[in-house]
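What TrEMBL says about this one:
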- H50, H98, D183, H187: Mn(2+) binding site (BINDING)
- 25-106: domain 'Manganese/iron superoxide dismutase N-terminal' (DOMAIN)
- 113-216: domain 'Manganese/iron superoxide dismutase C-terminal' (DOMAIN)
Amino acid sequence: YFCFFSSRGSAKLIAPLGCLVSRQKHTLPDLPYDYGALEPHINAEIMQLHHGKHHATYVNNLNVAEEKYKEALAKGDVTAQVSLQPALKFNGGGHINHTIFWTNLSPNGGGEPKGELMEAIKRDFGSFANFKEKLTAVSVGVQGSGWGWLGYNKEQGRLQIAACANQDPLQGTTGLIPLLGIDVWEHAYYLQYKNVRPDYLKAIWNVINWENVSSRYATCKK
């Protein structure tokens, strides 16, 4: 992409590097609810550490990686650019994923979706119960750390379930547009559920914000 700026009435085109110089640093988004708002399903201690420590670390490390990448671009150092890409993917993915995750949850969540999203779920998975079972199974089955996702395949016009390892962002690695993400890193549940991931996954359905998921679905269909 390119940036435009105007000087004495004449617009000039500046290279992408110029955009990087003036970019805004990433910041940790505020939670739309209190740390204890999702109890008893996800306790306040988990939320505080997950948001205030883990997500904050991804944001900080992403800013550092982008700064180093900007320097490597300025020097034309392709080797350094390539070596920084894993850090950009991991921390950038962590920031993207968690920013979606917080809005996918709500103290007023749970139940079932309505309207167009529910119709699409029935069309693509047979029933809501079947969808829930499949996303739970995919999330339970993630080896090590990662995410279970409900995504939208724009080319095919249908919903899809996918798993991503570590902090790989759904859209950047699969092309699917993220609608609902379930974090199955141990830091998302261990303090409360120990190593019993299925118990955490059973509980999280009680706080899924279907209004947010439906809104994401409506937006990506446009």
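Each Cβ is built from the backbone N, Cα and C atoms, and glycine gets one as well.
Summarising model confidence by region, the domain 'Manganese/iron superoxide dismutase N-terminal' (25-106) averages a pLDDT of 97. In sequence order, H51, H54, H55, F101, W185, A188 are the same-chain residues whose CB sits within 8 A of the CB centroid of H50, H98, D183, H187, the residues recorded for Mn(2+) being left out. The Cβ of D183 (Mn(2+) binding site) lies under 8 Å from the Cβ of H50, N97, H98, F101, W147, each of which sits 6+ residues away along the same chain.
Here the domain 'Manganese/iron superoxide dismutase C-terminal' (113-216) is broken down by DSSP into helix, strand and coil counts: 54 helix, 24 strand, 26 coil. Of all the binding-site residues listed here (H50, H98, H187), it is H187 whose C-beta has the fewest other C-beta atoms within 10 angstroms. Helix, strand and coil counts from DSSP across the domain 'Manganese/iron superoxide dismutase N-terminal' (25-106) read 59 helix, 1 strand, 22 coil.
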